[in-house]
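According to TrEMBL:
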DNA_BIND  35-103  DNA-binding region
DNA_BIND  140-204  DNA-binding region
COMPBIAS  240-255  compositional bias 'Basic and acidic residues'
DOMAIN    35-103  domain 'HMG box'
DOMAIN    140-204  domain 'HMG box'
REGION    213-255  region 'Disordered'
């Protein structure tokens, strides 16, 4: 895969080639020391030809430029593609030898640390893929709590210079509000919950029609109808917990 920065003159980073890769230290060993996976035949072609295509098409964005290169690859004669395919095969043989040597030098703790890092990376990729899919399917945004509503309303006008500073200032201001001053934001949060449940009901109906039963919430996840008194009791019980979590997030951000 490749990372890219759009716009004219956008730079292209080739992952797996050792260019622009990020370090990750795990128990004294860097994942940068691990041999890099060889580029596929197509990405070899892309890496080799991108500068030339950029020079000939300076006005094109990186995305359009890569589409143009992909089209050139599709019509490239088999004999010319063969050169890139064979280069990849040669690199794979070298990579497998280097990888075996690399793994042999790891202690059990280092090997486990790197496996754990890989599991975390894969989990992040799965989560990102799921979020993108749900966005494409139009899943409704989750409801905001009262503090979120307050932040959204006052963020631009807050005194902090950085986002973290603004959030800290707003958190302090929220803590100083009386219950009556917080009530409008709590009501807006409750209204947002109603909006969310209504939209989710329609969305889940649509997902059932599409055969996506896997995206439907279980009965345990669906909130039960509550009386006004029950809602007030629940909000009171959760208020301190939410504020404690917000304070903890602020402390972590400052660190």
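Glycine too: its Cβ is placed from the backbone N, Cα and C atoms.
Heads up, TrEMBL stuff is auto-annotated, nobody curated it.
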Could you give me the DSSP helix, strand and coil counts for the domain 'HMG box' (35-103)?
55 helix, 1 strand, 13 coil
Counting by DSSP, what is the helix, strand and coil composition of the domain 'HMG box' (140-204)?
49 helix, 0 strand, 16 coil
PLDDT averaged over the residues of the DNA-binding region (140-204):
92
